[in-house]
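Here is what TrEMBL says about this protein:
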- 30-119: domain 'Ig-like' (DOMAIN)
- 124-210: domain 'Ig-like' (DOMAIN)
- 215-303: domain 'Ig-like' (DOMAIN)
- 308-398: domain 'Ig-like' (DOMAIN)
- 403-483: domain 'Ig-like' (DOMAIN)
- 486-579: domain 'Ig-like' (DOMAIN)
- 585-652: domain 'Ig-like' (DOMAIN)
- 675-763: domain 'Ig-like' (DOMAIN)
- 766-850: domain 'Ig-like' (DOMAIN)
- 874-963: domain 'Ig-like' (DOMAIN)
- 965-1044: domain 'Ig-like' (DOMAIN)
- 1056-1079: transmembrane segment (TRANSMEM)
Amino acid sequence: MSGAAKAVLTIHPNSSQIFSGESVTLRSLPKATLTVKPNPVFPGETVTLTCSVGSDSIWNYQWYKDSNDYVLPQSARHTITGDTLTINGATVNEGPYWCQGERESRPTSSSISDPVTITVNALPVASVSVSPQGLLYSGETVSLQCDIPGYTDWMYYWYKNNRYLPSQTSKAIDITIPITLTGQAGQYRCEGLRTDQPQRSQPSDDITISVTALPKATLTVEPNPVFPGETVTLMCSVGSDSIWNYQWYKDRTDNVVSQSGYSNIGVSHISRADVSDQGQYWCEGNRVSRPTSSQPSDPVTLTVKSLPKTTLTVKPNPAYTGEKVTLMCSVRYDSIWNYQWYKDWNYNVVSQSVRHTITGDTFTISRAAVSDQGPYWCEGNRVSRPTSSQPSTAITLTVKALPKTTLTVKPNPAYTGEKVTLMCSVRYDSIWNYQRYKDWNYNVVSQSVRNAITGDTFTISRAAESDQGQYWCEGNRVSRPTSSQPSTAITLTVKDPNPVFPEETVTLMCSVGSDSRWSYQWYKDRNYNVVSQSVRHTITGDTLTISRVTESDQGLYWCQGERRSRPTSSSISDDVTVTVNNYQPKTTLTSDKENIFTGDRVTLSCTVESSGWTFYWYRHRPDSTPVTTTSVYSYILSRVSVSDGGQYWCRAGRGDPVYYTLYSDPVQINITERPVAVLTLQPNWTQIFIRETVTMRCDIQGEGDSDWDYRMYKNSQLLLPLNTKSEYRISPVYRSNSGSYTCEGVKGSTFSKTSEAVKLTVSDQPKAVLSISPQWLNPGDSVSLRCEVDKTSADWRFSWYRTVPNRAGLPSLSDKSYSLQPLSDNGTSEDSYTLIPAGPTPTGGYVCRAGRGDPVYDTLYSEPQFLWSADLQPSVSLTVNPNITQHFRSKSLSLSCELKGNSTGWRLKRYTETAWTSECPSTWRSITESTCTITSLNTGDSGVFWCESGSGEYSNAVNITVNDGDVILESPVHPVTEGDSVNLTCTFRYQETNPKPKTDFYKDGELIKNETTGEMTIPTVSKSDEGFYKCKSDEGESPESWVTVRVVSPGPSTSVLVGVVVGLVVAGVLLVILLVLLVRYQNRKGPLSPREPTRTPNRTKGLPRARLLILDSAEASAAGPSHVTYAQIQLKKLDKKKKGDSQL
């Protein structure tokens, strides 16, 4: 069959016999119509062929394929149901197909349909494109895009290493390559599905992601180890031919080293190394072209060694005047050092002089003097590293006066023939030898028949007139001090024989220097006047005793020895004069001190004109029992107290029976409490800082400044010998000056009590700490700045600054990041400063510092603190993409300064917990100075971000939080306006595994809502909705985010409209009142005469006056937020001018 229509002859009427004259109608068989859907078709799709015959009878259908004689049977791929043939899984072109209808009634069959061929088109083939192309590096983000040509509306399916990725359904996906991964990162392919034809694509070929290791940065540190004060050079390099910028890190990955002392050109310098610079350093490179960053370098530990210690020895110390003192400086290091010497303060370099010699490590003081006293220290310096040592500990050289020698002569005056004892003593704890001198320095007293030297005593056995003169002595010994000061010279006076007084007993003794027994003969006045025994004269052996002496006993006496053996007699002795003074002697009492303080030693001396007396001492009354009796003429009161004061007397007695002198005149001993020294620190601050000026003042309580000298001690060591000035000034002060200080007053041999100790603690220069409250600006609010210095310090005056771009003539921060513009001329005595009003202008950085004293001593500047506004600004706005404040770690983030108008020169800034401001971090990919993109967020990237212009303007600020957990809260980045609708969304890191978990929402820590959708909507937000929000579910808990609500005041036009309405209402009310009054008045008067005009009486007297106040828009704004318009209407008196006229 060719497929042409088959002719069918039909005869009507339906009769087997046709008569002449009848008409016959011939009709064609009804033709079958074949439709195919879809056609063309794609491999694997199902095709439906429908056959229909345009007749109202029920037909059965026969199907043909390839030829009209091949009837298509049912099969696995071919299903015949009624008028439909279904072909499952078409793969290649098929056909042609025909169909034909069949039935029992006439016509029993239809014409065969036109043939239809099924066309099977090839499925579109997916392909994957990779961006960036070329080498891929660790840590980068790779974008894969699935392209299926010719069709749209695909749903994309991604596979990695033949495993389906259910979370990736986009045409383009981003893959972040772990920073540690190299080699193959996986094989990726994609395919598409859709609802229209074709319903799927062929899978793409596998794309292999190969990762190349990032070039590694190399860090060198020279020198290392380093010494304090030296310059350290850190050099970072990446083995590549491109230009790199560098980021530096210390101790931890989120501690980016700020610009102070460092640079981004690969070479950084620490100009004055300190112990705080010690630690691990590493660096990494970054640049615009790929790879945008390098691997971090291996960490290098910078060691800051202490400068070698300098040791100072001082020998001897304490030294004595005149001694040689040797100061030796040494550094325990293997090189030759030169030494610098200092005395008293840092700038007083000790130089050579006549008495001062410097030789190598030794400084020699040849003859120490009191002026050499004071603190000394030294330090070493040399050409090789380290070029200097630490200064030695200061050692205070004390130069003491040589110990004083004391000479006592008893008796003095002496009488011829008496024994005189001269005793020399040095108040020191060692044994001394003594040298004695008479009349001049070279006349050394030596031993003789009458002069005996025993230890500290020189004895003249029989004083003669030739023994008269000046005597002094000095001590010497082997140990230090080897000599003492010479004693004060004492003049010995030798008088005629000791006088006697009436009624005394006189004893004369005669001796001959031989071992035989002698008898003695006594003579008076002349050789032949032999003294014989009598009532008052008794001769016993070698002794003549004259009792109850009278004036007649006065005269010359001598004696001679006699014996039987040869020689039978001796030579006659020298004569001795006995003088009898015809009166009773009187003693004289004196005290060695006039002003006596408790604790002093007081010596009372009782003198009488002759010797051999015993002394009797009395207190309060002379006729009382003696306080004490002494064989010497002095009475010592040790460590007196106030109770030891009063009147004292003395008298002397000698002989047996005792012969007494007259009582002395009384001496009044007044004892007062010892004055107390008081040491004060000026200024009286408990905390002192290096380079301040300190004055210590020593005052003697109740004594004023009269005649006192002063001694100052540090840590119980003499710091300042006798000084006539009561003040000791230290300028500048250093940590080495810390210590415990005391002082005492000295007046002659009198000392005050030592003062209570004053502790001086010297600390490093303090740094001010600034806080701002609130730190986020609300329009109309005042902002308080608070500046704090070390809490133990006082008397500060505070200066306040605003950070501005670097300008000549203004002070700058140490890292030169900002200049500082003073907020006031003179600063404040208060530690707080208020910015009023707070508006767009105050946003920015603020710094403070404090100063005190005269001259002014300043603290270090505080770290800048920033005042931010979340409100959009007219010149620039900071946009965030994604536009949320909380972000997951490892996700990407882009921040951009969107400029408005002609504003230029903006840079993105940030403030984090670990560093205050920095520009786009090197780990970020910076497109321009005003745009930064981070490919993989870290928790250390959390902080406040804003845009800052070269002229000091600020954009709105955004507080970004990077969360390491699994839940974040998506909330508005900018303040919302009262009345708006606000959506809060709780987002989960693995949202596809649990797309809508039950979520609790909290405000300011209180549960406010439960949602099953993960979202919460505030349909009409108000100021009361402002606060901290967070969400919580089984997946975890988000950080808190602050939602700011701004209240919009009605504008000027609204205010004017409200004012007009209120004014009209008031005017209307007053008009109604007026009409009512008029009607009532008219009713009282009765009906008006039609012939008389109406008269309006004056009824306004006593009525209150209303006011009309019309404010323009500016005044209305100043009037306050209510913007009410008031009205004043004044009702004036109605004057009767003529009938029927009235006036308002």
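Glycine is no exception: its Cβ is also placed from the backbone N, Cα and C atoms.
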Stretch of maximal Cβ-Cβ contact with the domain 'Ig-like' (675-763) [cut-off: under 8 Å; candidates 124-210, 215-303, 308-398, 965-1044]: 308-398
Integer mean pLDDT for the domain 'Ig-like' (308-398): 89
Best-contacting stretch, by C-beta pairs under 8 Å, relative to the domain 'Ig-like' (766-850) and drawn from 124-210, 215-303, 585-652: 215-303
Structural state census, the domain 'Ig-like' (585-652) (DSSP three-state): 3 helix, 33 strand, 32 coil
Tally of DSSP helical, extended and coil residues in the domain 'Ig-like' (308-398): 3 helix, 42 strand, 46 coil
